[in-house]
Every structure is written in C-alpha cells, then in structure tokens.
Amino acid sequence: MPRVFSGIQPTGDPHIGNYFGAMKNYVKLGDQLGKNSIYCVVDLHAPTNPSAYDPKFLAQRTFEMAVANMAAGLDPEKVIFFVQSHVPEHTQLAWLFTVITPVGELERMTQYKDKAGKLESTPAGLLMYPVLQAADILLYKADTVPVGEDQVQHIELTREIARKFNHAFGDMFPEPKAVLEKDALRIPGLDGSGKMSKSKGEATTIGILEPLDSIWQKLRVAPTDPARVRRTDPGDPDKCLIGDYHKLFSDLPTLETVYTGCRTAGIGCVDCKKLLLGSMTQELAPIQERAAALRADPDFVRDALVQGAKEARAIAQPVFEEAREKVGFLKL
Ligand code: AQP
C-alpha cells in the first residue's frame, strides 16, 4: 500500500490555492489509505521566511491551520495528523541529510531564489528548507507526496537525497513521487500574476475561512479579461481570472452559462462574479461552519494533534534510529 506524506505551512490563512492544490487531495487520499496517509502542519518551516513569520502569531496560525484542514474534511481518527515540531525526529533526520546535500543543489531551487531575492539578508534556514522537507517525507518512508506544482522541484531533490543516502549508507529510503491535482496545478492570485501565495498578502488571496462578504469585496474589483472593455465586447473566459476560479468552483451548468455568456457578451462581468460567489459559497460555507464549531472546542483539536503526534512518533522513532545506525553513530 502506498504511504502518503504532505505538509502545509502555518504562514497565514489557507487559501483556495492550498485547498484545491493540496488539502482536497489530502482528504481524498486519506479516505483511501487511512493511517497510511500522514499530514502535518509544518511549523518548523514557517520561520525560514522572515517576511511571512512573526513569533506572536505562530502558535495561533498553527492551530488555525489544523482547524482549517479538519474543517475541510481531514479526519484525525482516520489519518495521522499532527504538528511537525511535536515530533523532534524531523530536525534530527534533517541534520543527517544536511551533511550529504550539496549547497549548489540547494542554491538552484527556484523557490529559494525567489524568496531570498526579496530579502536583505538570507537566513541559512531558507536554503535548508528543502532538506527539512526531505526529512519530513522520508522519516515516514513515504513514497507519495500530494503537492501543488510549485513543490515538484523540492520533491525531485528529496528523491536525490534518498538516492544519495541509500548509496552512501545502504538501502533504506524509497524515492517518493509528487502527485499533482491536474486541474489545480498553480492557482493564480487575485493580482493575476503567478500563483496565489500566503506570503504575498491577503489582498491577493481568497482564504477558505474568509468571510464571504470579504471575498465578494475582493471579487468585485478583481481584474477580468482585459480585451473586454465594454459590456457588449465578447470575452475569453480562458484568459480571465474569474473564468479560472469558475473552473474550480462551479458545476457544469454554471460553467456553461458563464463560458458561453462571456464569449457572446451575453453576461456581464459583475453577473459572472456573482455566480462565482454563489459557487464559492456552496463549497466554502460548510467548511466555515465546521471551522467555527472546531474553534469553539479547542481541546478537541489539541487532543487530536497530541494523539496524531504519538502516532507519527511511533513510525518516526524507529526510522530515525535505523538512519542513525546506518550513518555510524554510537548506539545508546
Ligand atoms: N496557488 C497554488 N496553486 C496550487 N497549489 C498551491 N499550493 C500553494 N499555493 C498553491 C500548495 O499548497 C500546499 C501547501 O503550501 P505551503 O503552505 O506549504 O507552501 P507554499 O507552496 O509556499 O504555499 P504558499 O501559500 O505560497 O505559502 P508561502 O507564501 O508561505 O510560501 C503545497 O503543496 C503547495 O504546493
């Protein structure tokens, strides 16, 4: 049976990119694989990007990210769900990988270059991020990693680290594969440029737990097909952000109305956005209701995470011991 691992950073409110690119897939795989699917709020990664991290908010954001995933359908009874820093073997295994990973490989990671380029001084942790990510995955000997397209390069590096370790110290780790949700590879942000990203700020994201009236305020002013200057101009929904979001949220009849309407100028952009809000409400309102119920019972969420960390450690400890011995450390 495949073993799945994936993580999500508590660097801000989870958005529809995280939801369609990763979180929905977690739930689907969890339903199929039960405790062989392991998910984690990767809080140790959060401080690697100083522009998206504040110690005052880390604990709260970690809790909120757990709430969001549970509200989106992740059932901690069914899968293993925990907080990364509650399982110390993640950082321990990362160190063993650090010593075999060439700095040059890390420096060519696109995400590193993007994020480091925006900082005056680059913390070593930002460079090491993919090494810790490799440890997150391989600590559970996971072979399947559901992620968005932006993470594919890191998973390639994880494979390379597994290969290097196996070659240097003896066979131990699988070479995991990224699994992508093909209709949600890289969901664009509201600015229309690049992928929706927590660290780019709330103005460019649509949060899955964001109040629907706030979502509407953002949709109302969101750019549409620039070729459609007047209401009477036909548009191309494939070149429109609102068209992209409809593909994620709307059912076939609504999509048909919107696509045909846009191409024939039969529907205006505001009406098209109203239909999108309706589709978003259908998907997000039940999640938001469940999130409110979970927030009202924080002990339930904490107990679930404590239990998840226990289950994760039961796998992680022997794997780390095996790696430790292979590298040649004195046995306790
Ligand atoms: N726009 C996106 N489209 C599709 N998938 C996406 N993911 C993120 N943005 C999109 C996927 O969500 C999962 C969790 O992401 P993460 O929080 O661990 O890190 P990230 O990729 O760095 O996400 P953000 O929102 O862009 O966060 P910041 O700004 O903090 O770096 C991953 O599987 C990711 O692929």
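Backbone N, Cα and C atoms are what each Cβ position is placed from, and that goes for glycine too.
TrEMBL does not curate its annotations; it predicts them automatically.
Here TrEMBL gives motif ''KMSKS' region' for one range in the set 30-34, 195-199, 210-214: that range is 195-199. Going by what TrEMBL states, the ATP site holds Q9, P10, T11, G17, N18, G148, E149, D150, K195, M196, S197, K198, S199, and the candidate of I187, I206 recorded there is I187. It is 17 Å from the Cα atom of T11 (ATP binding site) to that of D136 (L-tryptophan binding site).
Residue pair N18 (ATP binding site) / D136 (L-tryptophan binding site) shows a Cα separation of 18 Å. Through the fold, the motif ''HIGH' region' (10-18) approaches residues 41-43, 46, 49, 52-53, 58, 61-62, 64-65, 68-69, 148, 184, 186-187, 189, 195-199, 202, 205-210, 245, 248 of its own chain, all at least 6 residues removed from its boundaries and within a Cβ separation under 8 Å. According to DSSP, E149 (ATP binding site) is assigned to a helical segment.
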